Structures are given as structure tokens and as C-alpha cells.
Amino acid sequence: KKWKQLSRLQRSIILFLFAFLAVCGVISFTSMGEPWKSLTNKSLDEQRTEPEIPGLKLVNPAVLPAPQKADANAGDYPELSPQKQPKLPHIRRSPSNLQIKPPRRDVRLKTRHATSKIVEELVQADKEEKTEKSVISWRGAVIEPDQSTEPPSSKIKESEKPSSLEAEGQKEPVPINERQMAVIEAFRHAWKGYKDFAWGHDELKPLSKSYSEWFGLGLTLIDALDTMWILGLKEEFEEARIWVANDLVFDKNVDVNLFESTIRILGGLLSTYHLSGDSLFLEKAKDIGNRLMPAFKTPSKIPYSDVNIGRGTAHPPRWTSDSTVAEVTSIQLEFRELSRLTGDEKFQKAVDEVMKHVHTLSGKNDGLVPMFINTNSGQFTHLGVYTLGARADSYYEYLLKQWIQGGKKENELLEDYMRAIEGVKKHLLQRSQPKKLTFVGELAHGHFSAKMDHLVCFLPGTLALGAHNGLTADHMKLAEALIETCYQMYEQVETGLSPEIVHFNLHAQKGHKDVEIKPADRHNLLRPETVESLFYMYRFTGDKKYQDWGWEILQNFNKYTRVPTGGYTSINNVQNPSNPEPRDKMESFFLGETLKYMFLLFSDDVDLINLDKFVFNTEAHPLPIWVPA
């Protein structure tokens, strides 16, 4: 009775003292009889994890642990005013520049009687109950990739390895911080709009509270699956999984773009399979992968741009027999991984043939490639135009990432990547005025243009990733210069949001900034490339300014693109804060990429998608590296 009259804190302190005495050998808990056993058993019951997702039967154990369900008190967030910073739920605050690290634990408590661990958890639970009920403690785990780049047999063996926590010596999870909570709130707000007005459709039109279709395959939902897993949004993930199981059907008479459906659908399903271990997603990935294969039935083996996934036919666009170089060379990560998982070599063989063919082609300029390639002849077309923007960008990204994915063994890929970066330095790099920002322009028949797409802002992150994997330190220096430029593409604009395209001033002019924006280019599509590179830069340098820059961008998304009834919208005019002219469209990559990279940028946990274990596809879907670095 006296025990029940005590407060929880008092009981926790008493239990801690008993634990301390036990560790010191003064007393033995086994001598205390049933009252102690009942207390410890009750505590264990209270700390059991939530039940598994209904209907989710794992063929393989999950690569990452299941996300913890967010606290009920954190489920509903106050609406953000368009002109105010987001209001966050009460959580433990810390200085913004303080690196969050796992708390140290007493080594003695690790090795002593298991009951002392229970006491420690009781005390910690009591503290957390009083101070931070809305803090979610969840962390990604390190995967153990296969030791060979050879495709495994089609039957995937179950792992018998201990859980990630056991394998890492009971490492404490890193608590989610304020900025990450703001990302979770933004995702939930965007998801609310999608769920209310566009459920199961491709894209949300948040202003008209409707939807638009591209392929009719639930693009936003599939793109967002692994984001929900990483953010720990278990309820949302469960709902989306049920839709995938019951309503995602690929046997339909519809033309899809090979590149877009590969990076968004195939990539999203493969990534979600690896994170969750749920075979449902692998089965769906195999289905769509097989249905995309007719694209490779061309005279040159360079795939067509479009596939009818119901009829099993493929064709180029109506106006040309060309495909874009970026599209045919940025599907390799996904198809190679599908071969590795299924044991069916046809997927990897098809995409590897494309890369080997492009490797041998003439028409390059110091490693830089033209934007188009003909599916009949297999030759580059529209020669003499070189850009790292649209139609060529991810060719360079996937050269490096395939090399990393395959265990750094495919030297042709590395050679092409290194040669291309030298070509960028030689032909496309210039400095603006007045701030002398380093930027990547374009070359057209020998004439330099100071035009830079926002898409090019993938490059700093890619350069940093290469430097992290042992390439020249000069690549990191260039990455640091370019990410500053990409940030200035936001900072020098009235809304603090970058336009789709900028032109840089090469000569100092009074009253002019480095960045000039043409009327046709001043829209913002909620793109992820700058945030993506900020994530890589922070992960590899630890420089807090990259987190601060990302935080500014998130605040401006909330200020100028957030729709009160749910969702975010692209805008037409980043130069008009009073009327940014919303376009009434939320691209699927806002949930699949932009908010995911934001969340990872604000994390201080290097094991939350460990970049020595995973490589991101160009739609931000993490896939495992086959051989450890």
C-alpha cells in the first residue's frame, strides 16, 4: 500500500537505488521474492512494442527496424499561418548549433544483471513521460549488404543475424529534434491533402481539392512509401500498404514513361522492400519491372521512352525516334537491383548494354554527352549542345552511383565519371558578378551560356559523395563552391525560393545581383535538388550552416506554397511574395524527395540511411550497396 502511494518518480528513484546496490553486490534481487518480480514484469509489459502491421508477413527480416508510432499528442499539429513560422509541439529544446549525439551509458550497467537494465529503462521512461511526450525516438539501422556483386538465387535466404541494436552494442537511438518534427508536420499536412482529395491517384491539385493523372498508378503514394517509413509515420504507412496490396494493378492499358516509372515506381517499391522487409513490395516491383522490359526491344538496344504496360508494347515519342540520354542512362540502379534480388539477369543485362554502348560512342566533349540518342541507330543526335541540366543531368549522377552500388569494381563507369567532371571544369564552369559565385553553365556549338537549371544543384551532392568514396579532394572543394551558388539561387530571390532556371551575370553591373530571372523561368516546382545536396554536404562535413540553409528553405515553402486545407502547391512567380501565383499542383517528388532529404538533413544520426550502406536513386529511394566499401 505504501508503495502504491508513492509517485512514479519516487518509485523510479527507489528502484534505481536498488539497482545500484545490486550492481555493487550489496543485495540480490532474487532474494526479494514475488513483489519485485511482479513489478519488473509489469514494467516489461508496459514497454512492449506495438503490434505488427496487420497482414504484413515478412519473407525476410526488415533491414531497418519498424518505425515507432508517433505519440498521440503529436498527431494533430496546429495549422501554420502562411506568414508565420510553424508552431511545433512541445519537445525538449536544445541550442540550435548543438550536435545531438546518443547519450553515453554506464558500461557496468551493460554487463550486469538484466534487472538493472529494466530499472534504468524505468527511470528513463519516467523522465521522458514528464519532459517530452511528443519526441519520437527512431533511427535507421545499418544493413549488411551481400558480399558479392553476383546476382543471388531467386530464393532469398532469411537472415539469422541479430537485430541492429544487438549488433551495434545497444547504441541509443538519436531523438528526433525540432526541425525534424517540423518536417513530419509538413509531410502530414501534405499527406492530408492527398488522402482527402487525391487518394490512389497520381498527383494532388490542392487548390481545387482534386487530382491529376499521369499514369494512373498512385505515383504520389508509391513515391512517399519509404519517406513515411524513414519519418516513422506508421499509421500512414499501413494505410498506403493496404492500397498497394489491394488496388495497385499494373495490368492496364496505359502508356508510361520508362524513366519516370522506373525511378518513382520501381525504385520506390524496391526501397520500401529493403526498409520494411515486406515481400509485397518486391512482388509488385517484379511485376512492373517485367512490364517495362519491352522498351528495350529496339534495333540499337537503346530503350524507347514509352511502354504500354498492359499490352506489352513500346514506342518512342510521336514526334521523334530519339530518347533523352538522361532517361536511358538513369534506370540502371533499379534494374540492376531487381536482378540481384530475383536472380533473373535479364534486367541488369538490358541496362548494362546501354551503358557499355554509350561508353563507346563518339560525339562526347571531354566526357560531356549530348542530350539525345537515337533508338534506331544508337548514335547521339543534336550534337554540340552540352548541359548538366534537363535531359542529361542524371547520366552523370548514375555513373558514380552505379560504380558505388557495384562495389567500386566497374572501372569504365568511374572513368566516364571522372572524365565528365574534368569536362565540366574545362567547359562549363564560370564565376558570376558581383559575388563571384561558381556556377555550371551550358555550351552550345562552342558558345557558352550562363544559364543554370535548378536541376544542376544535384551536382554538389554527387561530387561530395564521390569525394567521400575516395575520389579527389578537389571534387569536395568544387562541391562547397557550387552548394553556395545553389543556396544563393534561393537567397537572392524575393520569396527565398529558387526559380526553375537562372541566368548569372558575368559582368558587374550597378544595382544587379548575380542571379537574373526571366519571366518564363520564375516558377518553382517544390524541387529537391538543393536540399539533396545540402543533406550530403552536412552528412560529410558536419557544418551546421547547411542545416540552417535547409531550414530557411522549409520555412519559405511553408510561407509561400502551403495550402491551408492540405497539401503544398507549385508556384508560378518566386519574385512576387504578395502573390506567388499558385499553380495548383503538388508533384510526387515533394513527398518522395524534398521532405525526405529535409528530414535527413536535420538528423545527426549517420546511421539513418547510412551512406556507406545505401545509395539513393535519382528519386531519393535508397537501395543497398552490394559490397561494403
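Don't overthink the numbers, they just go from 1 along the chain as shown.
Every residue, even glycine, has its Cβ placed from backbone N, Cα and C.
Those TrEMBL annotations? Automatic predictions, nothing curated.
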Bond partner of Cys457 - disulfide, per TrEMBL - picked from Cys24, Cys486: Cys486
Sequence-distant neighbours of Glu529 (active site) in its chain (C-beta under 8 A, six or more apart): His454, Leu455, Val456, Cys457, Phe458, Cys486
Those residues of the chain, 6+ apart, with a Cβ under 8 Å from that of Glu260 (active site, proton donor): Trp214, Phe215
Residue among active-site residues Asp393, Glu500 with least C-beta crowding, 10 angstrom cut-off: Glu500
C-alpha spacing of Glu500 (active site, proton donor) relative to Thr618 (Ca(2+) binding site), in angstrom: 18
Rounded inter-Cα distance in Å - Asp393 (active site), Glu500 (active site, proton donor): 14
